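Undergrad: Dumping what TrEMBL says about this protein:
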| type | residues | note |
| --- | --- | --- |
| BINDING | B:His94, B:His132 | Fe cation binding site |
| BINDING | B:Cys100, B:Cys103, B:Cys140, B:Cys143 | Zn(2+) binding site |
2 protein chains.
Amino acid sequence: MEAKIDKIKQQLQSQGYKLTPQREATVRVLLENEEDHLSAEDVFMLVKEKAPEIGLATVYRTLELLSDLHVLEKMNFGDGVARYDLRNDSSHHHHHHLICVQCGAVDEIMEDWLLPLEERLEQQYNFKVLDHRLDFQGICHRCNDKAKNEKNDKNE
Amino acid sequence: MEAKIDKIKQQLQSQGYKLTPQREATVRVLLENEEDHLSAEDVFMLVKEKAPEIGLATVYRTLELLSDLHVLEKMNFGDGVARYDLRNDSSHHHHHHLICVQCGAVDEIMEDWLLPLEERLEQQYNFKVLDHRLDFQGICHRCNDKAKNEKNDKNE
DNA sequence: TTCTCTGCAAATGGTTTGCAAGTAG
DNA sequence: CTACTTGCAAACCATTTGCAGAGAA
């Protein structure tokens with residue numbers, strides 16, 4: 001955790017930015033919730049618990065800054081709010097999303113399934129791929145299981 | 001074109017909605033610009049040319065309604081505006097997007113490359129896929145060609 | 001009539017910005 | 001000193017909503 005923060009600190013400083021207490025608190029929240037896809041508001045509320053004096057605008061500015069530095073990825077699942085994800089070390093980010101339309105959960109798949117497709121794109125369409133996103137909407141395994149259990153119980 | 005409008009009219013009527021002049025004008029604009037991914041504002045401005053009295057709210061309501069009926073697909077490329085795409089007849093929509101980060105163009109690929117992945121998802125992750133989206137960001141063939149030509153010209 | 005639909009204006013809500021004050025090198 | 005930051009409040013802007021009037025069945 002500290003190592004990761006140090007690394008981000010260096011990334012900031014190499015561009016002339018500082019790791020202020022507010023930024024550090026924001027980064028810590030992000031690190032502690034690496035699994036989730038937090039919105040700016042989510043981050044704001046979590047940061048407020050450890051640094052109550054922080055302002056929402058600062059959180060937005062920090063998230064924007066970290067996105068510019070490619071520390072974060074800003075994404076949009078179509079629900080009207082931007083969500084942020086820590087990028088991993090690998091130069092490419094290759095995770096895909098499973099978005100449950102029933103419970104709203106967003107799971108990730110870390111495998112990269114698209115390399116063959118990207119090669120095909122470059123050759124067949126003369127399109128130089130820099131990034132991609134692949135999201136699936138559907139019913140997640142939790143909701144599937146729940147539905148199955150309720151069916152078995154037969155007490156409706 | 002008229003056939004497509006008739007079909008949409010039927011889809012509306014089957015759900016108790018009417019194909020009003022405003023809605024028809026909106027649909028015509030969508031049909032005439034099937035290639036593009038228009039925003040609500042884009043549609044509004046184009047519709048205004050043929051029906052100047054129309055209101056922006058009506059366009060939004062029409063786009064929303066047509067999305068609910070699965071005539072349109074509402075999508076989000078992360079630029080802060082929703083964009084709309086006519087769906088094809090096929091029950092599934094299986095096009096992917098090539099988004100050029102240089103000129104902003106959005107091209108479509110109509111092939112469906114994801115069926116094998118969807119099968120794997122259902123088996124391996126117990127995730128029932130209902131829909132998906134696959135977007136690539138990169139440099140489109142036009143910008144690639146332009147860059148190549150400028151290089152050849154060697155007049156900087 | 002009754003229910004849908006429309007245009008307008010106002011409200012909403014996530015995000016951004018202007019600004020004066022705070023802070024680090 | 002100088003440049004970067006911050007909190008606050010106001011501004012922005014895409015989208016939604018309330019409402020009274022218009023229109024179709």
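Think of each number as a place in line: the chain as shown, counted from 1.
The backbone N, Cα and C atoms fix where each Cβ goes, glycine too.
Quick one: how deep are these features, and who are their neighbours?
TA: Sequence-distant neighbours of B:His132 (Fe cation binding site) (same chain, 6+ apart, CB under 8 A from its CB) are B:Leu114, B:Glu118. Under DSSP, B:His132 (Fe cation binding site) is assigned to a strand (E or B) in the three-state scheme.
DSSP gives B:Cys140 (Zn(2+) binding site) a coil state; it is part of no helix or strand. B:Cys140 (Zn(2+) binding site) counts 23 other C-beta atoms within 10 Å of its own C-beta, drawing on all protein chains shown.
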Undergrad: List the residues of the same chain that sit at least 6 positions away from B:Cys100 (Zn(2+) binding site) in sequence and have their Cβ under 8 Å from its Cβ, in sequence order, or write 'none'.
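TA: In sequence order, the residues whose Cβ lies under 8 Å from that of B:Cys100 (Zn(2+) binding site) (at least 6 apart) are B:Val106, B:Asp107, B:Gly138, B:Ile139, B:Cys140, B:Arg142, B:Cys143.
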Undergrad: Comparing the binding-site residues B:Cys103, B:Cys143, which residue's C-beta has the most other C-beta atoms within 10 angstroms in this structure?
TA: B:Cys143
